[in-house]
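Q: Below are the structure tokens for one structure; questions will follow.
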Amino acid sequence: MFGTLLLYCFFLATVPALAETGGERQLSPEKSEIWGPGLKADVVLPARYFYIQAVDTSGNKFTSSPGEKVFQVKVSAPEEQFTRVGVQVLDRKDGSFIVRYRMYASYKNLKVEIKFQGQHVAKSPYILKGPVYHENCDCPLQDSAAWLREMNCPETIAQIQRDLAHFPAVDPEKIAVEIPKRFGQRQSLCHYTLKDNKVYIKTHGEHVGFRIFMDAILLSLTRKVKMPDVELFVNLGDWPLEKKKSNSNIHPIFSWCGSTDSKDIVMPTYDLTDSVLETMGRVSLDMMSVQANTGPPWESKNSTAVWRGRDSRKERLELVKLSRKHPELIDAAFTNFFFFKHDENLYGPIVKHISFFDFFKHKYQINIDGTVAAYRLPYLLVGDSVVLKQDSIYYEHFYNELQPWKHYIPVKSNLSDLLEKLKWAKDHDEEAKKIAKAGQEFARNNLMGDDIFCYYFKLFQEYANLQVSEPQIREGMKRVEPQTEDDLFPCTCHRKKTKDEL
């Protein structure tokens, strides 16, 4: 999984810093800026990251790439002969870089060096003092308030407040009986209890394979911080479940997708969550990799809208028909047929998948629902194309913070104004570019790995505060076993419980 990464623990500068307009421009290692959570020992993420902003000798920030490999980055543990860390430097093409590194063992006093032509950049070297734990190290911080501060989590999250407002009190005893009776036969559910920072589960329904995503984030959280004792039900299906119009006797169900006609409690999607947990692991598409693969600059992008996907909604059929009528405006095609009969005369041939990064060769990205919300929206936003988003009853955990005409161009749910909106974007190129930039900034600032961990913890913490009785390890529950520790690189947790914590 990480063999290639481990062979190259730093990148050498081989490309000179050139002017953005063609002439020579001097990059200043002293004036360039470095910041981010990956420089804090206590911020444990699957892949830690920080930023570099290139600045010239006049104090002006670069706004385009000074060269892909101008910075040398090395991560090492001075007390160790070999540091088991994978490092990547990602050029965001706007004068800034993301440096991300995944640790496969825990170390003391980790040293992070950033150099330009042999000179240290900003305040390099950075020393992460004390123990620095890797993702698989089971060493939770007992003080959750301290963890929230280190992670720079927000005090409140509006979507969590909205979702939990339906439930002034939660009785674990009651829901443990009623939810399986109401939903357990027809739906796929997981009944979880977190007790003493251990995770227990009982599944309901036939298709419960997606529990792996929920198991993974819960275990990851318990390795990092003392979780509140909490008992909850997670919906593994696509559609939200709690559709009662009245608030009387509704049940709290946690889902990856919400809707305006349901009262489910929304979590970050399994797709986005998995991309965070597996960054620099088994996934290649994540919120950081997209930022280094945004295609040509805006002025050089193809001026057609692009879409690929399967036939999981009627409006997608209409989109492909529109594309066939207006190929100069829209490049939309199906990669798979499953829900509807494939009529090649109407919808054209099935095409091969293209790399997600190739979407960003186009200025305009169409985001249209599948069975529920299209879970690709975070990745589309963090690119540098403008998103045309279909109006929808479905939403992910962050949709309500997005503003139409600021972060994306809205399109009616039946796509009746899609051509009009595309023509507007073509006629208002600078405004469309500004919307693309605002959407990208929103995603950069709100949908990174630390944001996802904060959301989950705050959600479970605030939900736990609503409980009117103690969560229990119910009959039939089994412990979700933690990941087996690597015997070659064992993790020694240096956090000792005080008497007050015992």
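A Cβ is built for glycine as well, from the same backbone N, Cα and C atoms used for every other residue.
So Swiss-Prot lists these for the protein:
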{"type": "CARBOHYD", "residues": "Asn302", "note": "N-linked glycosylation site"}
{"type": "CARBOHYD", "residues": "Asn414", "note": "N-linked glycosylation site"}
{"type": "REPEAT", "residues": "24-130", "note": "repeat 'Filamin'"}
{"type": "MOTIF", "residues": "499-502", "note": "motif 'Prevents secretion from ER'"}
{"type": "SIGNAL", "residues": "1-19", "note": "signal peptide"}
Q: Could you tell me which of these glycosylation sites, Asn302, Asn414, has the greatest number of Cβ atoms within 10 Å of its own Cβ?
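A: The most densely surrounded of these glycosylation sites is Asn302.
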Q: Across the repeat 'Filamin' (24-130), what are the DSSP residue counts per state (helix, strand, coil)?
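A: DSSP classes over the repeat 'Filamin' (24-130) add up to 3 helix, 52 strand, 52 coil.
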Q: May I ask for the distance between Asn302 (N-linked glycosylation site) and Asn414 (N-linked glycosylation site), taken between their Cα atoms and rounded to an integer number of Å?
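A: For Asn302 (N-linked glycosylation site) versus Asn414 (N-linked glycosylation site), the Cα atoms are 25 Å apart.
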